[in-house]
């Protein structure tokens, strides 16, 4: 075999070695992420709440001898103390309202920041970015006082309105809109479109990747809200599922079996929501809008 | 249709002035090309006519109306952009009909106007396609279709052919010219390509550094350039310019070669200009050494050196020449251009 042939095989071997390390790394990371979810699902199929507790910390946490859906049935039918359907409905209502209003408000703000003739635009943008670093928890007490004084305690409005406008999502939209060709905006203004019409008819349909990204991030954030709803809701009227699951953790006893089943049920809608939008993450057909 | 009047228009970006008091009058139905190198302010001026840039000083009139503070949509203009700026999520028909839809026209009226424009531009088979499913030339035609369905008073074109390949550019050039002849709409066309300007325009405005260097009909600019910039910018290959001084016996170049001057030539000329096609092979002419020969079939370009200066001659006849050959070149005295110290034509 010639030297040339030998030397040409060497990089392939290195590449294979690299691929093996890469595959193992991906596998380990996937295992770390998936195993708690798998454990949760397995635990939800166990009938005995004390057994669940005993299995934790051993490999038995990943195995169920006699799988049963009793926990799910109990959670679903638990109409007295825990009206699961009601909480699920509340969460879905809050999710739908927050995300749809959030898409409108944040995209409008991002659009005006990107293309509007707004005095002090750079300053406003800097303030918006600066606002992002303020943790939600630090403003939660003043917010609680404002919402209570406004008479919005224990309402859906109190759980939707404060989270509709977000510096992060406004900035995401701003960045997306700003990278679209300026000529699209100009062509629309020459065609006679108002700034609202340009936003709605031209820029929004081109923003599916940004809309999907914001929907997913905002959806997950809204669905997982815990501290704010626990402070603002006093009754079942507007209480979301995340807070409801906490009721399984009583002072005297913890219903691990039902808590696990409820957690699995809580994950399903947000998983469906994610799957519905994630394909738009990748796709973008803006590239072909301009140039030949 | 309407005339466009640009009256002492200036443009500042902060303290930086990019347009310096320009005056141009464009007649109703005229095709005017703004041409110049990058950064000369031609696109800025076009965008000021469109209402996409504010006017810092002076007035722009479309028809009898001063439009300085009129938003683009109320100026009754249509613009074709360099990158087409088609709405990518709309079909060809929707792109073309969008402006009419915004005006509140009926669906039937929009369909009729779109079909009419599509027929003019041979776009009928593509009305249901998205822009991404079209070629560059087809997209450019859609952009023009979007402009013509509105029957505007003025068409504005901002380097519309720059993204097309050479062959398509020639084809589209003819189509735009034909469209103008059929519709007769006042047109302002920006390009950096002097060939486009020469072939399409009724009048050309040559710009440099935010100033108008010369305005005139294409052949006027070619035959009587007002200054050295226009002389070199218009025409390809560019005019030969030779430095020297005019004397009694002729024009003496810096290399000591004596070039013949036309009778009654103005004194004080420091630059002698002659277009390549106005040099002919003649043993009685001044001597030059052949450097490169470029036969193109229809003509032959000869690059020759004379007194330290390189000259280009375009010969209509086929000649047998080799690098290093000594040739005689004779300028057509009727086509000699003389420029003074300030670069202006004498």
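From the backbone N, Cα and C atoms, a Cβ is placed for every residue, glycine too.
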Review point. If you check TrEMBL, which stretch out of A:67-91, A:92-116 is marked transmembrane segment?
Key: A:92-116
Exercise for review: Choose the correct range: of A:46-64, A:160-178, which one does TrEMBL annotate as transmembrane segment? Give that range.
Suggested key: A:160-178
Review point. Top stretch among A:20-43, A:92-116, A:160-178, A:198-220, A:259-277 for CB pairs under 8 A with the transmembrane segment (A:122-148)?
Key: A:160-178
Study note, to complete from the structure: Given A:92-116, A:160-178, A:198-220, A:259-277, the one sharing the most C-beta pairs under 8 Å with the transmembrane segment (A:20-43) is A:259-277
Exercise for review: Mind checking which residues of the chain, 6+ beyond the ends of the transmembrane segment (A:92-116), have their Cβ under 8 Å from one of its Cβ atoms?
Suggested key: 124-125, 128, 156, 159-160, 163-166, 169-178, 185, 195, 198-199, 203-204, 207, 210-211, 214-215, 218-219, 222-223, 225, 238, 240, 269-270, 273
